[in-house]
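According to Swiss-Prot, the features are:
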type	residues	note
BINDING	12-17, 59-62, 97-106, D132	FMN binding site
BINDING	R354, R386, A387, F388, S389, G420, L421, C422, S423, W599	FAD binding site
BINDING	T463, S518, R519, K524, I525, Y526, V527, Q528	NADP(+) binding site
DOMAIN	6-150	domain 'Flavodoxin-like'
DOMAIN	210-449	domain 'FAD-binding FR-type'
Amino acid sequence: MPQQNLLILYGSQTGTAEDLAGRLSREAKRHHFNCRTEALDEYRVANLINEHLVIFVCATTGQGDPPDNMKNFWRFIFRRNLPHNALCQMDYAVLGLGDSSYPKFNFIAKKLHKRLNQLGACPLLPAALGDDQHELGPDAVVDPWLKDLWSKVLSMFPLRPGLEIISEDVLLPPKYSLRLLEEKVGQSELSGDAYERDFISNNTTPPSEIHPFLAPVLSNERVSAHDHFQDVRLIEFNITGSAIQFYPGDVVMVQPRNSLLHVEQFCSLLHLDPLNKVVVEPSDPESPVPMHLAALCSVQQLVERYLDICSIPRRSFFQLFCHFSPDEMEREKLKEFSCAAGQEELYSYCNRPRRTILEVLVDFPHTTRCIPATFLLELIPQIRPRAFSIASSMEALPNTIQILMAVVQYKTKLIEPRRGLCSTWLASLPPHGTERVPIWVKKGSMKFPCDPDTPVVMVGPGTGVAPFRAAIQERVANGRPGNCLFFGCRGKSKDFYFEKEWEDLGNRGYLTLFTAFSRDQEDKIYVQHRIKENSKLLWDLIGTKQGYVYIAGNAKLMPNEVTDALKWVLQLEGGMSAPDAEQYLASMEKSCRFQSETWS
């Protein structure tokens, strides 16, 4: 009897859903299932009609949006012309990850579960709705749900006679194993020249994650006051000859690197020679090694460019890490962090102080020394690319991309300040230096009106103003007035980004600007207050002239408060009832006249 096939599909923005899909995959192997795991947008969705057992793991981002790597799938699965029985052969389960402090908690998982059922698929269980706000995190829901899932699945597909579930004490082989060679790399290989020749874009097709463009840094300017608590940079990349095309609302992806100091510390802890050549090999011949892994040639490149040693380790890290421990005390502690009962302890140790993988390795020296190199790719996740809204227009500034970036740094109970991997690295790069930044462009969610006479209202506090600078530059370059910007920050003299630029455009009749400086007076003033103060203008632009409204910035409170202010304007100036104002904004959203791009 052949093994039962199981497909695990995930949509992940920060890596949590992908990590959970990996956990499911390992559990499937322990239950003797033939398991495939793919990101939703990497899976050929037309094949879904042939699948019989599928588990979906998906996060909800921003204001109820799907993760970037499931957006194409999301559009496809909600096509109106799909037959109502298209998935009648499928048994499925949906595992969602969200944050209950947001209004659209686990919106994607709930909607996907309902849609699959509408298309004839049979749910194995109610959708699981993991919550970041729970004191134990998503695992509070995930752990009992997985027990119920495997109980249900095994009742439908029992183990073959003579087979038993593989114990957690048994170490499964890694998906990709790392082999160290005695041969050393040369200086040109260590600097990455050979690696980059294989890895970079060929300049005839647009760069991508597989083939990024290595962009020189043209400028790196601090645009917040030097005595301001937050270091914000305007960074400009040279994209001459890259074949990159972008439009207002698009995002540039940046692949960051670990610092050489952290690379050296990691290699020292594991007794690795950075100069050793490496080969990455698949455990399964049918799972070829990804190109970016196959191109790696040295330990230093592996650690600097691939292993996310400065990320916060997840539970899965400790579940594997404890297998290598020869020390009884360390092993017991690692097992505690690995089990369901130890999650509160793990949260206090890792999540609350934001302790990194590298710092955990320091804390468990006996175990760290015994990590087999072959398991490094299984133990430590890949460095994820970071997304930045493009803050410039190709029309105004050809051959360049600019980003507005806050350098992440904060204190916890740990002595060493916490620093953002990507922002710290980018902020350290000097203009016209030798270091190149791997970048590529992805289409953004914002779409601006084609009609030059359509007014545009933009609400972008802080670094949320970045995509609107690109839009305003482009519209001005094409002679389009009717640009209205609501910008908010802490202080006029502290973090008023692009002040002179906005002033010049206002004087030329291209921009109407409203500012909210929250800390320049006793009572805090935010962009939503300015919206209410200018209700007549807003109603004229939105209600009379059918303008477009855009919101960008932090997803926590601002988007909802701005939306409430807009509803207030519709009621006051448009004479609408509260339900009518709600419906009006909903219809604007449906016709793309009301758009938002927010991030956590």
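Heads up, the Cβ atoms here are built off N, Cα and C, so glycines get one too.
Locations of recorded Swiss-Prot features on the structure.
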{"residue": "S12", "record": "FMN binding site", "contacts (Cβ under 8 Å, 6+ apart)": "E18, D19, A21, A39, V57, C58, A59, P67, N69"}
{"residue": "G15", "record": "FMN binding site", "contacts (Cβ under 8 Å, 6+ apart)": "S311, P381, R384"}
{"residue": "Y102", "record": "FMN binding site", "contacts (Cβ under 8 Å, 6+ apart)": "T60, Q63, G64, A555"}
{"residue": "A387", "record": "FAD binding site", "contacts (Cβ under 8 Å, 6+ apart)": "D68, V251, V252, M253, V254, K442"}
{"residue": "L421", "record": "FAD binding site", "contacts (Cβ under 8 Å, 6+ apart)": "P256, N258, D308, C310, S311, I383"}
{"residue": "S423", "record": "FAD binding site", "contacts (Cβ under 8 Å, 6+ apart)": "R233, M405, A406, V407, V408"}
{"residue": "R519", "record": "NADP(+) binding site", "contacts (Cβ under 8 Å, 6+ apart)": "R490, G491, K494"}
{"residue": "K524", "record": "NADP(+) binding site", "contacts (Cβ under 8 Å, 6+ apart)": "S518"}
{"residue": "Q528", "record": "NADP(+) binding site", "contacts (Cβ under 8 Å, 6+ apart)": "M558, E561, V562, D564, A565"}
Other CB atoms within 10 A, centred on F105 (FMN binding site):
18
Measure from the Cβ of Y526 (NADP(+) binding site) and count the other Cβ atoms within 10 Å, all protein chains considered.
18
Considering only the binding-site residues G62, D99, F105, R354, S389, which fall within 10 Å of T463 (NADP(+) binding site) when distances are taken between Cα atoms?
S389
Within 10 Å of each Cβ, count the other Cβ atoms, then let me know which of the binding-site residues S389, T463, S518 comes out lowest.
S518
Mean pLDDT for the domain 'Flavodoxin-like' (6-150), rounded to an integer?
94
Rounded distance in angstrom between the Cα atoms of Y526 (NADP(+) binding site) and G62 (FMN binding site):
20
For FAD: widest Cα to Cα gap among R354, R386, A387, F388, S389, G420, L421, C422, S423, W599 in Å:
26
Using a 10 Å cut-off on Cβ-Cβ distances across all protein chains shown, tell me which of the binding-site residues (A59, V527) has the largest neighbour count.
A59
DSSP secondary structure for R354 (FAD binding site), reduced to helix/strand/coil, please.
coil
Nearest by CA distance to S389 (FAD binding site): which of the binding-site residues is it, out of G62, D99, I525?
G62
Closest to I525 (NADP(+) binding site): which of the binding-site residues G62, D99, F105, R354, going by Cα position?
G62
Run through the domain 'Flavodoxin-like' (6-150) and tell me, per DSSP, how many residues are helix, strand and coil.
55 helix, 35 strand, 55 coil
Using C-alpha atoms only, work out the spacing between D99 (FMN binding site) and R354 (FAD binding site) and round it to an integer in Å.
18
